[in-house]
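Listed in TrEMBL:
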DOMAIN    284-377  domain 'Transglutaminase-like'
ACT_SITE  CYS292  active site
ACT_SITE  HIS351  active site
ACT_SITE  ASP374  active site
BINDING   ASN414, ASP416, GLU463, GLU468  Ca(2+) binding site
Amino acid sequence: KTAAISIHMFLNTSCCLSVHSEFLDIVDVDMMRMPNEINKTQHHTTFYNSDSLIVRRGQEFQVKITFNRPYKPASDKFAVEFVIGSTPQYSKGTYIPVFPTQERQSSWAGRITNTSENTVTMGITPTPDCIVGKYYMYVAVVTPFGIRRTRKDDSRNLYILFNPWASADAVFLDDETERQECVMNEMGIIYHGAYDDIAERDWNYGQFNYGVLDACLYIMDKAAMPITNRGDPIKVTRKASAMLNSHDDEGVLVGNWTGDYTYGVAPTSWTGSTEILLSYATSKMPVCYAQCWVYAAVFNTFLRCLGIPSRVVTNYYSAHDNDGNLKTDIILHDNGRIDRNRTKDSIWNYHCWNECYMSRPDLPAGFGGWQVVDATPQETSDGMYRCGPASVQAIKHGQMCYPFDAAFVFAEVNSDVVFYSRSKEGTMEPVKVNQTHVGRMVLTKAPGDVTRRDITDQYKFPEGHKEERTVLEKAEEFGCQREKSNPPDADVDLVLPTLEVTVGNDFELSLEFINRSDQRRVVDIYISGSVVYYTGVTSTEFLFSDPTVTIGPNKSVKEVVVVESKNYMKHLVEQANLNFIATGKVKETGQIVTAMKVVTLHNPKLSVELSGGARVSEEMMATVEFTNPFTFGLEGVYIRMEGPGLMMPKSKYYSLIPAGSTLTWTEYFSPLRAGSTRVMVTLDCPALRQVRGQASVTIQP
């Protein structure tokens, strides 16, 4: 008799206590699953709010088995069995017996680490490439009457995750500071705004919150992802990039860029991922609504929860190129004024995606490490709305043929902005090429800090660097078209200032014209001010001016345009961006001058105050205060609040906040665990999006 237990026996036997006490029988199984016990502390899973055992692959964990008498290695035979999926099979790695003796081992190593009277402690090491997910565990013993096995019991379920601490795991990240940030940190900062006026959005990833791990596994179930693929981070991240959006597959989030969020939650209102993931897992329906940072933030929760190191990155001036070339085309009339009807390509003020860390055995050496994945539905890849994983190294070096979707991401950070002059006959002539506007800056949160980290150099060589030209030439070999002509620069420069403007204020826009020639220059200039979505799409033009400017030789002249709030306020869309484009023609030379500037209007702030003992399980109070600074009432106002380790998401609705009045909302909570954390709050209504506040606190044990 051996402990090679077939799956048929597994299905057909049950356990009852032997009347023959001399035969080995199972009395109790202790999974050692408490947060303070050895398994969760060694496997970095203490923070998961779950009663089940959660461990990481490629690393030993312990279970204690109590028998009816002392275990005798020479004559007693038992095995610990793990099964996953609906039809477990040994050959597929979905049924794994683990044996205590050296003579008999399976793919997962087993050994007895301690024996004390009737109790045996067994060390079990799953392979570093095993399937990630929820397993059921059984203990089986060989008796003269056949094999006895423990009954199915939820207390013996366990979750096995990816392991960035194990050198043999594909997601191994050999940097403890990065691991603490990209796997263990729940508090995110997501960058938005404009590259010269960067704004921050706090986000609670909440990857350890109750129910989130099950929700992440449900996403793979909903995608009907084969169980056997769930140990491969390349396949898991590619499948998830499709499943985080609701296109094609009833995935997690419905995108909405219209400004009308009547039937869901405005993207700017969310404070974290927990509510979204739990809602999806409970209702089995896509959650409304998301824009790029919401997709990236929830995807980040999914990746960190399963143990894949990940971070959210923001690309400022991200090209959304509809025809797959490396050009963003802006069409001008022959007098230099922009032709809005014919200008179709858009440049997003910013776009958020994710990077996840893994080896890439499917690519040549050197292309592992950080990989771009993007769940925002922009373009299809192999017939579905998904993007990645694309090697950041491959993007930097122009290796566009490597899977997956490197060419698309390359264009997002490397497009040239080409201005064409369209004659009355319809011919198009390139008159200006801007090679530095797109992919101006790529940011992510610095590990272990609340500051930002500029990672532009990981995506591209410095502008003008000889390597940069080589990369662009290589990209052309792979079929990316660029603008070859190089029209001479005008000898008049046009500079738009960097402005910080609070929503509702009037301000002045000062255009500086610098004449670098030895002769007088006269410029017919067209200044357009538009309210734009952050995707670069124009909502309404609210300002137009067409002065003629005369500049003396080697002199500069300022032209001031007054922007009145009454003209832009009634047209504002969320994220309150104003886009100014100045284009014109130098009379003497016919050369084109252009300048573009996005002004992000700053919203009023919320104040958040915390009071109370700041100790685990002791009641505390969060007080939110907001004053409506406008001359009109704010209707349909939602406020949301949450904090990692402090409270689950809470929300409150106010039908009206009258002009000039103040609201106060107080919420009581009891911290769940010690450490530094913060409460994050948003206020959102149709007339005013993206009002935020936060308060930091250190909770004592």
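In case you wondered, yes, glycine gets a Cβ from its N, Cα and C as well.
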HIS351 (active site) as reference: those recorded positions from CYS292, ASN414, ASP416, GLU463, GLU468 with C-alpha within 10 Å of it: CYS292
Pairwise Cα distance for GLU468 (Ca(2+) binding site)/ASP374 (active site) [Å, integer]: 24
Model confidence over the domain 'Transglutaminase-like' (284-377), averaged pLDDT: 92
Length of the line joining the Cα atoms of ASN414 (Ca(2+) binding site) and CYS292 (active site), in Å: 19
Count of other CB atoms lying within 10 Å of the CB belonging to ASP374 (active site): 31
Local Cβ density at HIS351 (active site) - other Cβ atoms counted within 10 Å: 27
Nearest-integer angstrom distance between the alpha carbons (Cα) of ASP374 (active site) and CYS292 (active site): 9
ASN414, ASP416, GLU463, GLU468 excluded, remaining Cβ within 8 Å of their centroid (Ca(2+)): GLN435, THR436, VAL438, GLY439, LYS460, LEU472
Intrachain C-beta neighbours of CYS292 (active site), sequence separation six or more, cut-off 8 angstroms: TRP348, HIS351, CYS352, TRP353, THR376
